[in-house]
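Asker: Dropping the structure in here first, questions after.
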Amino acid sequence: MGLFTKFVYLLGVRKKEVNVLVVGLNNSGKSTVVNHFKNEEERVSEIVPTVGFSVERFQNQNLAFTAFDMSGHGRYRDLWEHYYKDCHGIIFVVDSSDRLRLVVVKEELDLLLQHPDICNRKLPILFFANKMDCKDALSSVKIAAGLGLDKIMDKPWHIAASNALTGEGLQEGVEWLTQQIRDVILSKN
Amino acid sequence: MCAHQCYQRLSSNTLKFATLPNNACINLCDLNISRWLEAHSDRSAGLTTFARNVILADVSGDGDYKLVLTDVRIQTDKRSRLKVYKGTLLTSDQVLPDVPSSVISFYTDDLEPRVPAVAVACSSDLLIFKNNKPFYKFCVPPGPLTPLEEECWKLFAEPNYDTQKLITDLKSVNFNQLSGRSQELLNLQPNQAQEYIQRYVGITPIKTSPIVCMSTLNRSSQDALAVACPVLGTEDGIIYVLDPQIFTVLHQANVCNVKSTPTIIKTTGMYDVEFRIVVACRENSICVLRRGWLEGKPVVQLNEDIIDLLLIPGDNFIIIGTTSKMLHCYTKRGQRVWSAATVNAITCLCLVPLKHLSTHLIAVGLKGGSVHLYHGRQTVDYTNSPDTPSAMVFGQLGQEEHVMVIITMGGTINFKILKRTADFNLSNQDKLSVPTLQSKPLPLPKRSKLFIEQSMRERQDPMQMHQSFQQDLVNLRLTAARALVQNLTEQSGAGNAEEQVKLSAQILGLGPKFTLILTLENMNGDKAVSNFSVVFHAKPTIYKLSSYLSTVPLIPPGLSYKLETKVTEVLKSGEEQLPGQAIRVFVIRKGQAHPVLAATINMPPTEITTLLFIFSQKFKSACEKMRAFSKRPPDSDILEVYSFYKQATLGDINIPKPSDIQGRAKWEAWNGKKGLAADLAKQKYIEKVQGLSGTYA
């Protein structure tokens, strides 16, 4: 990228397309999170369990996001890895009220981090500790500890407590992700 | 043996690991990474429950499956409770009126939202809850009273009665056939009896039978969320199938034609179509009840107590865990399919359906706190529980499909989640299917064994195998080609089809003199043969024959002529004996260029012993010849002959050099032959004497 294009890009004249992968267990609120990022008029009122995956597009700070909203159901989880190669960032949604399945989340996160398409890349991972409004929800700190996030050394990560129904905490998280992706892209060029 | 060590480390309390089949040990060795995620374990839960008192059901109808269990308290001052766990958290806790025996959940209707009812069997009542609230209570129909008991209670109502006499009367009735009220009366102190009777006087007692076991039976669909009928088994040995909507008895049947108390009920099929109710009885028998039957049929009778029973959906195999550490598998007709010994006492069984692998595993809870998973008769996995499990259940809990909840004797509640990636190596299992009870290998047929060994060798060194094969093949071809060339050049053959003459040869003697007898046979039926001669052809350096050509007289039809020839082998001492040479025989007809017959006779070699004998005879005769010389040869020749003789008979020089001239000359001559072999010396001696004999004999 030449100096001029870089300048144009920084000015925000040309949008950069990035792919993000939205993963997490079933019923953790992935589709609801993605739904909230969309424009007001495109939003759907009722979220149903995703089958396979769905592709959604939204923008944030001159970055055009293509979100691959993966199904979190056990039998569709092996689809995730096919999208690892082409993604620039990962949004990992965790149901913070589901204490029972925190081990499953950890297991899936470990599988994700050990995947050859992921383990050698400096891929930013954004965690949403979703459903923070539930009364028996775990705090984001507890979830970070439970998932062993402090052991992730080679990748930038961030955890944000969220409530996808109201949109609380989502913007903060996605801004962090945008910043990270932008840094990575700029450093590459 | 890493597998064994590994297994030992995993369960130090299981000492019978050596009896496990090898493949089981291998599988256990794979367990470095467990297939189970430890989700939660609560040692302070303080639960007391039994198998069939723990279920997983979507009791609130929101797709979030809950754990429903009864916390059983047998002590009279404590109450049993019905508890509902949402995930790992206790959300509902209800007091039960009596000690529960079993819990089931079933859908009563098809109305949306689909909320299943939970039914708890307490004594003779079936308490049905819906949305965690009491919904209905079903009472088991009372059984008939014995006439004597009925009479007694009538008499109690009379103004003047003899309490003691009536109580004695009641005692004469079988205790099990009495109503609960009479049973209690008999257990009271005599002074309390009066008051007790007064309380109930005038009311006829009801004999009810407690529900001991329960199950559900789908009504008209095999779907997991289909409407299902509760199936109850009572202490009296009666099975009731209830209508799920109005709770009336749809079907009633006896467990068996003999007195049997059901302990475990499992069902398969649909009530409206065809069903099978499998009942384990306290009398160690398994009875099967089918649609329209009023009485169950015993299919299996065991010698050991039944701990738990499972029915594998699909093939309808009956899995029984017994007190003698055995797991049996029977068909629905009661034929035993297999048996497997467990390493420890079985405490409970649990079916682990794995839809994504389209198979079912059997989880076996063992004393000491281990849970073994069986696929058929093979152990495929092993996991631990905090202590001896008393009840296990596997299914959906919350949003997770593969959760195993283990409640232990110590009151701990343990949640395990099966990893998504666990496949239990089931695809490899079929290949390694060695029966558990069959520890020694099957005898392999010899041919298969050879084949296996050969293929193993081939696999090890295919290059060398191929090379040696090619070499042998080339050798074989060469030998065949040589034989063909030899045959063509020698034109041998024992018979002549045209002339119908047969030649056979016989060699007599050990050598070096042989007698060769040739038999010439006229095979022709009606024609005599004449003008034949036999020519022998041999290397003159090897064989001397008495005659080389002999004429054959006329041979009449069907007769034979014998021809005798002396053969002497020319012996050449000092040279290596040739291993026998051939003499070629030609039968020729006068005036014909081509021989009628040609044959090659392979002469046997002269026997070594004969040769040695002849040699020593020759040496002796040479000695005698030497002595009998008429003229004296010159001294130099005599000295040489002497030295050869000495060397031949005594070997290397062994005497000191003498002083006299003659003796010294002799000694020196002998010494000159030092190192010469005895045989060679003899040979030289014979030759020397032969050379001298011409002039001096």
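Keep in mind that glycine also has a Cβ here, set from the backbone N, Cα and C atoms.
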Asker: Starting from the GTP binding annotation in TrEMBL that includes A:Gly24, A:Leu25, A:Asn26, A:Asn27, A:Ser28, A:Gly29, A:Lys30, A:Ser31, A:Asn130, A:Lys131, A:Met132, A:Asp133, which of A:Gly72, A:Gly89, A:Gly173 is the extra site residue?
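Answerer: The one candidate that TrEMBL places in that GTP site: A:Gly72.
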Asker: Excluding near sequence neighbours, so keeping only residues 6 or more apart in the same chain, what lies with its CB under 8 A of A:Lys30 (GTP binding site)?
Answerer: A:Val22, A:Val23, A:Gly24, A:Thr50, A:Asp69, A:Met70, A:Gly72, A:Ile91, A:Val93
Asker: Using only the residues recorded as binding GTP (A:Gly24, A:Leu25, A:Asn26, A:Asn27, A:Ser28, A:Gly29, A:Lys30, A:Ser31, A:Gly72, A:Asn130, A:Lys131, A:Met132, A:Asp133), report the maximum Cα-Cα distance in Å, whole number please.
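Answerer: About 21 Å separates the two most distant Cα atoms.
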Asker: Can you tell me how many other Cβ atoms are located within 10 Å of the Cβ belonging to A:Gly24 (GTP binding site)?
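Answerer: Result for A:Gly24 (GTP binding site): 26 other Cβ atoms within 10 Å.
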Asker: Do the binding-site residues A:Asn26, A:Gly72, A:Lys131, A:Asp133 include any whose Cβ comes within less than 8 Å of a Cβ in chain B, and which?
Answerer: A:Asn26
Asker: Please list residues from the chain of A:Ser31 (Mg(2+) binding site) whose Cβ is under 8 angstroms from its Cβ, counting only those at least six apart in sequence.
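Answerer: Residues satisfying the criterion: A:Ile47, A:Thr50, A:Ser54, A:Asp69.
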Asker: According to DSSP, does A:Gly24 (GTP binding site) sit in a helix, a strand, or coil?
Answerer: strand
